[in-house]
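Quick look at what TrEMBL annotates:
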type: DOMAIN; residues: 62-149; note: domain 'Ig-like'
type: TRANSMEM; residues: 157-181; note: transmembrane segment
Amino acid sequence: MKFDPKEGTWDGDWPEAKSISDKWMQQAEAVNKEKTFLLYSCPHRLLGHLERGRGNLEWKEPPSMRLKARPGSPGFSVLTCSAFSFYPPELQLRFLRNGLAVGSGDSDVGPNGDGSFHAWSTLTVKSGDEHHYRCVVQHAGLPQPLIVELESSAKSVMPVVGIVIGLLLITAVAVGGALLWRRMRNGLPAPWISLRGDDGGTLLPTPGLPKDVDS
């Protein structure tokens with residue numbers, strides 16, 4: 001059965017539809033209720049659902065950016081422009097050399113577990129020319145295209161330097177502990193044990209020996 005809300009009538013494609021329509025049309029209150037729902041209540045509810053969902057449809061998260069260089073084949077370096085945690089997934093990465101476009105390089109986009117996306121683009125350049133390049137990103141979450149500078153080599157080396165310093169400190173502590181253990185095993189006091197304080201500078205008694213023997 002089909003209901004025409006403007007006419008307030010029911011219709012169908014089979015013979016019994018006429019008798020059913022006549023019976024339903026006798027229920028004026030039910031007809032008016034269906035008419036009000038289809039003409040007013042239903043469209044109003046649908047618009048409300050659309051407004052509530054519009055925030056999710058229009059969600060924009062700008063990307064976090066990074067441009068790094070790493071050694072490639074002999075005489076060349078590989079620049080990697082990376083974009084993290086952005087939405088929607090439509091994003092454009094391009095490389096500039098001294099302000100002029102040189103292409104987008106090899107690139108890819110992938111999803112994250114939280115609904116955002118990540119992307120990267122690589123470009124092979126001559127070693128020593130890395131500082132001439134920039135990365136440009138265009139995304140709906142950015143008010144204008146963003147130019148990304150090359151990450152300094154000093155910043156990239158800092159984690160490695162920290163690891164080396166940490167290993168050196170651990171080695172120094174281990175060597176110091178071994179020397180102290182050998183010294184005490186030979187009956188010598190630890191370097192920080194204080195003297196008696198008399199003019200002769202006599203050491204404290206050695207544990208386990210009579211006082212007269214130690215003096």
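Glycine is no exception: its Cβ is also placed from the backbone N, Cα and C atoms.
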### Task
Within the domain 'Ig-like' (62-149) only, compute the mean pLDDT.
94
### Task
For the domain 'Ig-like' (62-149), jot down how many residues DSSP puts in helix, in strand and in coil.
3 helix, 57 strand, 28 coil
